[in-house]
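Here is what Swiss-Prot says about this protein:
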| type | residues | note |
| --- | --- | --- |
| DOMAIN | 9-188 | domain 'Exonuclease' |
| BINDING | Asp11 | Mg(2+) 1 binding site |
| BINDING | Glu13, Asp182 | Mg(2+) 2 binding site |
| BINDING | Glu13 | substrate binding site |
| SITE | Arg109 | site 'Interaction with single-stranded DNA' |
| SITE | Tyr120 | site 'Interaction with single-stranded DNA' |
| SITE | Trp124 | site 'Interaction with single-stranded DNA' |
| SITE | Arg138 | site 'Interaction with single-stranded DNA' |
| SITE | Arg144 | site 'Important for interaction with ssb' |
| SITE | His177 | site 'Important for activity' |
| DOMAIN | 198-353 | domain 'ExoI SH3-like' |
| SITE | Lys210 | site 'Interaction with single-stranded DNA' |
| SITE | Asn253 | site 'Interaction with single-stranded DNA' |
| SITE | Asn302 | site 'Interaction with single-stranded DNA' |
| DOMAIN | 356-472 | domain 'ExoI C-terminal' |
| SITE | Tyr366 | site 'Interaction with single-stranded DNA' |
| SITE | Phe369 | site 'Interaction with single-stranded DNA' |
Amino acid sequence: MVKDFSFFIYDYESFGVNPATDRPAQFAGIRTDADFNIIGEPIMFYCKQTNDYLPAPEAVMVTGITPQECNEKGLSEPEFAANILAEFSQPNTCVMGYNNIRYDDEMTRYTFYRNFIEPYEYSWKNGNSRWDLLDLVRACYALRPEGINWAYDDDGMPSFRLEKLTKANSIEHENAHDAMADVYATIAMAKLIKEKQPKLFQYFFENRGKKEIEKLVDTGAMTPLVHVSGMLGNYRGNCTWVAPLAWHPTNQNALIVCDLTGDIDNLLAKSADELRADLYTKKLELEERGVSSVPLKLVHINKCPILAPAKTLLPETANRLGIDRQLCLDNLAKLRASFDIREKVADIFNEERQFASNDNVETELYNGFFSNADKNNMAILRSLPAEKLSEHGLAFEDKRILELLFHYRARHFYKTLTRAEQIKWKKYRQNKLEKSAVEFEASLQRLVEXHSDNSEKLSLLQQVYEYGIKLLG
């Protein structure tokens, strides 16, 4: 490990569950050393909300943060994003949270994208990286649970909710869903796992990157691996043996694996077209038709997946989780005996799924990488004073940038818009708010009825209602 390595543990609170369309409310982060000892001052700030966005009332119920509080205490989104970048981009930083790979990192990327900050470099440039404690916690429960007090839901299934785990392990965690409280709780859980299961911690830390994971994978021999993922289900500790079959035909970061506890006969018997249809059909619908789920899964090697050699799943561990190792070995033999399985699974994933057309440039982050020239010009945009943004004189290769720039100016520097641009923005804003209004009002109604005897919740809902009415005019 490099000498000046540090973790930056962070968390967002937000106004919705979709990082592409919802907005951050609060950011908190703390820098620690490799042993999770705090070495930096805690950082927390709010983000002002723009007038083209309605918050989800449910989110306010969870966090207790209102848009009015954000607008009173917060930074503009460009400042908010720049402050986060300053922390994340310090050399040899490993950015980590609790479910950050699937949520917080996505919120970061979309926030950076809207504000002309390159959305990926913070997690790989200058010796930087990322990791997710949630998957490590799942792996610890499945593979080496000793030393941790585990939490369970009423149905007896393990719970990996941070507030339940901290309570089970007597870790202070007041104000759950306050970003700073969640950061302290994440640090404490990480320290606990490193202390109680140091070998497991070190193995998955050292093997979190793409290059290390690629070394584990042998699609030619279909060498089985242990895989832990929330997609696999709590009933088996989110754990299984998988056989790596092939690399995705169009996504170099995706590995096609087969769950060796699944219905392999069905996989071998059906055509690629039949399997593709089943793969994108809801599990409940398949069950109603008496059809078994397709035992295929994509593992994204750029998302710090939990993969380890098959021997990591000890016989006694497999028994505890209800995983039949002999069934897995028998299924592996069937796969290895199939002459066309690799070709078939590649074919399944080769046909692009058709998605509804999208006219919102702000959700098009993954529609391509920006060229170096565009990245340089975006950095220039960020440095320009507001009055110069309309006469930047820069040539962009990517058509998304000019539309993003219009939104950026309209939200943060409205007075710099021409009369025609103001009319265009008013029309865009009105259309966007009207689309959100029906669900916003229905959510408020549901929540008012559900919390009719809770004055604190009703006060929050009243504030959200007043905020929404003001935006909707």
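Cβ atoms here come from the backbone N, Cα and C positions, even for glycine.
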Over the span of the domain 'ExoI SH3-like' (198-353), how high is the average pLDDT in this prediction?
95
Taking each of the recorded sites Asn253, Asn302 in turn and counting other Cβ atoms within 10 Å of its Cβ, which one has the fewest?
Asn253
Just give me the nearest neighbour of Phe369 (site 'Interaction with single-stranded DNA') among the recorded positions Asp11, Trp124, His177, Lys210, Cα to Cα.
Trp124
Whose Cβ, among the binding-site residues Asp11, Glu13, Asp182, has more other Cβ atoms within 10 Å than any of the rest?
Asp11
Give the distance between the Cα atoms of Tyr366 (site 'Interaction with single-stranded DNA') and Arg109 (site 'Interaction with single-stranded DNA'), rounded to the nearest whole Å.
10
So for Lys210 (site 'Interaction with single-stranded DNA'), how many other CB atoms are inside 10 Å of its CB?
16
Cα within 10 Å of Asp182 (Mg(2+) 2 binding site): which of the recorded sites Trp124, Arg144, Lys210, Asn253, Asn302 qualify?
none
By a simple count, how many Cβ atoms lie within 10 Å of the Cβ of Tyr120 (site 'Interaction with single-stranded DNA'), its own Cβ left out?
16
For His177 (site 'Important for activity'), which residues of its chain lie six or more apart in sequence with Cβ-Cβ distance below 8 Å?
Glu13, Val62, Thr63, Gly64
Within 10 Å of Asn253 (site 'Interaction with single-stranded DNA') (Cα to Cα), which of the recorded positions Asp11, Arg109, Trp124, Arg138, Arg144, Asn302 do you find?
Asn302
Can you name the recorded positions among Asp11, Tyr120, Trp124, Arg138, Asn302 whose CA is within 10 A of the CA of Arg109 (site 'Interaction with single-stranded DNA')?
Tyr120
Using DSSP, break the domain 'ExoI C-terminal' (356-472) down into helix, strand and coil residues and give each count.
87 helix, 0 strand, 30 coil
Relative to the Cα of Lys210 (site 'Interaction with single-stranded DNA'), which of the recorded sites Tyr120, Arg144, Asn302 has the closest Cα?
Asn302
